[in-house]
């Protein structure tokens, strides 16, 4: 059986776990490696896997990045047809990609083109994302580790800010997440409302600049400093902030700078904007063991789907209940994932940090902070 597999979109700390687990169930003769994501698929950048490539992939289990190469690519309908032609030329029987919701939509499109051409191509998706915006599942591998990094960063940043409040009064941490707030909301994990961020802003809500300045003013008057966390996709005064546009994709970012400048100009407080940056998706010391295990499991499950002749599905991660976390892997039709769009953070998790934290606890592999060590309780000031 000839199987082509690739990685697409932004990497995660555990994306290589899924790849290594998938290829470990096949012989070298079965696997064709697609290099550089959908660009490689559209330009015939495929190579048969040999022992050297297998060893490299196996070593990549403990590394971030995407060992096959990934990246962004405007995979247009014309390029999808071109990619299918290359797959047919190489007599590829199954196409598997590890990626997010855009990747799943692309897989669904290629499957449809193959059906129209009468070519029996099996198509399977393996989920990954730090944003947790894939429809039809509870969460995707990659999110748990990113959430852990955000939670730790916010926790320690607030302790640092508390110590420096006579020099710096306001700090704004900006997270990834695109148009959903799952990752930003993780900044309050394991802490009481009082000890966590003074406010968390997510894209599922719209905010005015005056509302945000009011939150800053209240926190500063109460304790002399304020820590805000904001997702990159948040809209302020009906405007979203973008850094640039690349390969047909808007690159969000910079909203923390908007707030920093407003705080400095209108409240005359010393403020600092900090983007948590790419470490959210690649800081391997913060990897969640649960996330790592689930990334490997979805790769193995996807291999079984291919070997059983299944097609048109993404591997789904679901849970039995929130309080006693246990993951269950299922098949989710690519049609549902594609049609579902971006999975938003529910109102309950926005309004009740405790409810969100209970949902996150089984995934993040990070103990809550004891009440004795919460930010604010360790100061004698």
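Each position is counted from 1, following the chain as shown.
Yeah, the Cβs are placed from backbone N, Cα and C, and that goes for glycine too.
In the three-state DSSP assignment, the secondary structure recorded for residue 131 (active site, proton acceptor) is coil. Sequence annotations record features per position, and here Swiss-Prot assigns active site, proton acceptor to 131.
Within 10 Å of the C-beta of residue 103 (ATP binding site) we count 28 further C-beta atoms, all protein chains included. Per Swiss-Prot, the feature ATP binding site maps to 10, 72, 73, 100, 101, 102, 103.
Taking the Cβ of residue 101 (ATP binding site) as reference, residues of its chain lying under 8 Å away and at least six apart in sequence are, in sequence order, 129, 133, 134, 135, 337, 338, 340, 341, 342. Under the heading Mg(2+) binding site, Swiss-Prot lists 101, citing similarity to another entry as support.
Counting only same-chain residues six or more apart in sequence, the Cβ atoms lying under 8 angstroms from the Cβ of residue 100 (ATP binding site) belong to 8, 9, 10, 127, 128, 129, 131, 133, 134, 140. In this record, ATP is bound by 10, 72, 73, 100, 101, 102, 103; the longest C-alpha to C-alpha distance in that set is 14 Å. For the recorded positions 72, 73, 102, 131, the greatest number of Cβ atoms within 10 Å around a candidate Cβ is found at 131.
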